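A short worksheet on the structure shown next.
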Amino acid sequence: MKMTPTSKADKKAAYDIAAWTFNIVTSVGIIIVNKALMATYGFTFATTLTGLHFVTTTLMTIALRWLGYIQPSHLPISDLLKFVLFANFSIVGMNVSLMWNSVGFYQIAKLSMIPVSCLLEVAFDKIRYSRDTKLSILIVLLGVAVCTVTDVSVNTKGFIAAVIAVWSTALQQYYVHHLQRKYHLSSFNLLGHTAPIQAVSLLLAGPFVDYWLTNKRVDAFKYDTISLLFLFLSCTIAIGTNLSQFICIGRFTAVTFQVLGHMKTILVLTLGFVFFGREGLNLHVVFGMLIAILGMVWYGNASSKPGGKERRSYSLPKTSQPKKDSLLQPSDTDDKV
């Protein structure tokens, strides 16, 4: 039975909502767990922890390949190394930026990822944004800035670290979408290619980077049952976080992932007040949240309209496309928002 356009659109919308919910739950969950792990139990080795996250993600892809859920696929070594380079610089750059900059400037740097991601889409994918879409992005940025930006102080090395972090993160997220489209890779396939190399490289470099940042050795940390439990929980949730990021960017784009991603910022702020005993939500934070949510709703409406966000030309090489696997395959990618 042939699927009608309406039912196809409804099915795609259901998959989109499921993918985004998956990403929000896992991302917020891992932030809460990692905050407890670092703030409460003193495990401040963020780069090494990320390496462990990719170890468990690699084990997941190996198991799924053995079970037949991941089919053989091809990703040229040059593209793979380029992606891993951007991804690892993003991880280290974010950690260094957070250490060397004030919280306010760190948040401004994170907000700048949206215009940088827009620039990459305009330059490489010939994306064109309508006036309403541009304005809605500005509203989101304004709202999140009101929520999160406090004191802002800048120093030279902190500024350089922030620039590296922003550009490498934007390029990594752009490449997730680009590689899935170009080589018709599912999220599992792409993770199967990238996770092992990221795991090895981050575990090798992580202890040295973390010692440089914290002046503490990861092997000297006093591991106990509770801290190991939180480590295990963090690594388990990370499987879903890594996978959901690839699914969402594959189904949407890096810009939309960034815009909607600020919903996670709002949730983390709210849950932080609930679980970590901070002072109540003050008026300017609530006001910022409302502005950001309004901007997100406007962005979703503006970018989905004809001409809101469209590709003027797209010339990726045509290759035979494997059978689609619903949520995991980057299907329905034409005119993504």
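Including glycine, each Cβ sits where the backbone N, Cα and C put it.
These numbers come from a predicted model, not from an experiment.
Feature annotations, courtesy of TrEMBL:
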DOMAIN    25-299  domain 'Sugar phosphate transporter'
REGION    304-337  region 'Disordered'
TRANSMEM  12-33  transmembrane segment
TRANSMEM  45-68  transmembrane segment
TRANSMEM  80-98  transmembrane segment
TRANSMEM  135-152  transmembrane segment
TRANSMEM  158-176  transmembrane segment
TRANSMEM  188-213  transmembrane segment
TRANSMEM  225-243  transmembrane segment
TRANSMEM  255-277  transmembrane segment
TRANSMEM  283-302  transmembrane segment
Who are the long-range neighbours of the transmembrane segment (45-68) in its own chain, taking Cβ under 8 Å and residues 6 or more past its ends? 34, 37-38, 91-92, 95, 188, 191-192, 195-196, 198-199, 201-203, 205-207, 209-210, 213-214, 216, 218, 221, 231, 234-236, 238-239, 241-243
With a Cβ cut-off under 8 Å, give me the same-chain residues at least six positions beyond the ends of the transmembrane segment (80-98) that come close to it. 46-47, 50, 106, 109, 158, 161-162, 164-166, 168-169, 171-172, 175-176, 179, 193-194, 197-198, 201-202, 205, 209, 213
May I ask for the residues of the chain that lie six or more residues beyond the transmembrane segment (188-213) and have a Cβ under 8 Å from a Cβ within it? 44-52, 54-55, 57-58, 61, 64-65, 69-71, 73, 75, 80-81, 83-84, 87-88, 91-92, 95-96, 99, 176, 179-180, 219, 242-243, 246, 250, 328
Confidence over the domain 'Sugar phosphate transporter' (25-299), expressed as mean pLDDT on the 0 to 100 scale, is 87
